[in-house]
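Asks: Among the features that TrEMBL reports, active site is placed at His276, Asp328, Glu337. Residues or ranges marked as domain 'Glycoside hydrolase family 9' by TrEMBL: 40-77, 80-349. Residues or ranges marked as signal peptide by TrEMBL: 1-23.
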Amino acid sequence: MNYSLVASGLLLWCAIVGHNGLAMVMDEKVVNASSSYSSYKDALGKAILFFEGQRSGKLPSKQRVHWRGDSALSDGNLQNLFDLADKFRGSYSASCPFYCSFSSYQDELLWAASWLYKASGEMKYLDYALSNQGWSHGVAEFSWDNKFIGAQTLLTKEFYNGKKELSKIKGDAESFICSLMPGSSSLQIKTTPGGLLFTRDNVNLQYVTSSTLVLMVFSNILKKNRIDGVQCGSVHFSRSQIKAFAKSQVDYILGKNPMNMSYMVGFGRKYPQQLHHRGSSIPSIRDHPAKVGCNEGQSNYLNSPNPNPNIHVGAIVGGPDSNDHFNDARSDFSHNEPAIYINAAFVGSVASLLGKNK
């Protein structure tokens with residue numbers, strides 16, 4: 001799985017969703033927000049800054065994350081890649097179950113066809129989606145593995161643009177909304193006592209940010225087409241209810257939660273201090289030019305009780321457990337590790353909120 005491509009796709013979607021919101025970025029310093037759950041402008045700037053801390057290779061002169069240095073400068077050398085492949089032979093299945101794709105390939109193909117049609121306008125891509133819409137089915141998550149709802153949402157736009165043959169896919173997209181909204185008769189994803197969507201106890205915020213993005217996009221689709229909302233069995237959810245629930249998830253991440261803390265590093269007065277991130281937890285080469293061996297790295301940094309020496313501003317961690325509790329421990333990667341696919345979706349949701357309030 002190429003996570004950079006997944007994040008790039010999400011960021012492209014975010015740019016489309018956010019409209020003017022993405023242009024409203026603040027100065028990227030670590031500040032104490034007076035209202036940590038409402039400072040969307042500050043949160044957007046920091047969420048974008050996070051990606052600069054994830055860069056490798058030769059860094060640009062305008063790099064703002066100064067603890068990050070040049071790295072992996074020879075990784076693209078063809079001879080090195082050949083030697084690596086020859087020395088470490090293996091198969092795709094060897095990555096299972098850690099990075100296995102349980103949703104198979106159909107979601108990726110529908111997702112790709114949907115984007116290619118949007119980008120090019122070539123009917124062959126829409127025809128591909130139409131002829132293979134039997135692959136589509138109702139889902140309750142949007143992730144690097146399962147992209148069905150991403151394709152379904154894009155194609156729902158085409159349904160409202162007159163492609164009525166996509167009614168099945170539109171229905172599948174609506175079933176996703178119904179699987180998330182509290183009070184729905186077909187609820188699949190429950191919330192914590194504090195109101196956070198909880199899909200599973202392993203980097204749960206990846207599912208929260210991606211689901212929130214879909215809710216934002218879908219409510220905007222409904223508004224544009226003057227559709228009041230979505231019917232979930234006997235319960236009707238208006239587009240304003242859908243967007244309000246999405247906003248509540250953003251606010252939870254930024255500090256409106258039982259722990260009274262932000263799950264974005266560097267945002268608000270209280271945020272994770274022991275990020276499970278090697279570059280953040282080990283001193284910069286500028287401060288510690290000597291080599292750090294594996295044993296030293298584990299004993300002095302991974303297991304250190306101290307806060308990380310480098311504040312990875314904008315990083316959103318895996319988040320709290322099902323009872324809204326968060327253990328700020330570097331060793332707990334399931335809850336304290338950031339990921340590009342968490343931030344990528346979050347950018348779109350916050351940009352959408354900013355665009356609304358401009």
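Positions of Cβ are set from backbone N, Cα and C atoms, glycine also.
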Asks: Hey, how far is His276 (active site) from Glu337 (active site), Cα to Cα, in Å?
Replies: 5
Asks: Determine the Cβ neighbour count for Asp328 (active site): the number of other Cβ atoms within 10 Å of its Cβ.
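Replies: Asp328 (active site) is surrounded by 17 other Cβ atoms within 10 Å.
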Asks: Whole-number Å only: compute the distance from the Cα of Asp328 (active site) to the Cα of Glu337 (active site).
Replies: 10
Asks: Counting by DSSP secondary structure, give me helix, strand and coil numbers for the domain 'Glycoside hydrolase family 9' (40-77).
Replies: 15 helix, 2 strand, 21 coil
Asks: Tell me which residues of the chain lie with their Cβ under 8 angstroms from that of Glu337 (active site), as long as they are six or more apart in sequence?
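Replies: Non-local contacts for Glu337 (active site): Val203, Leu275, His276, His277, Val317, Gly318.
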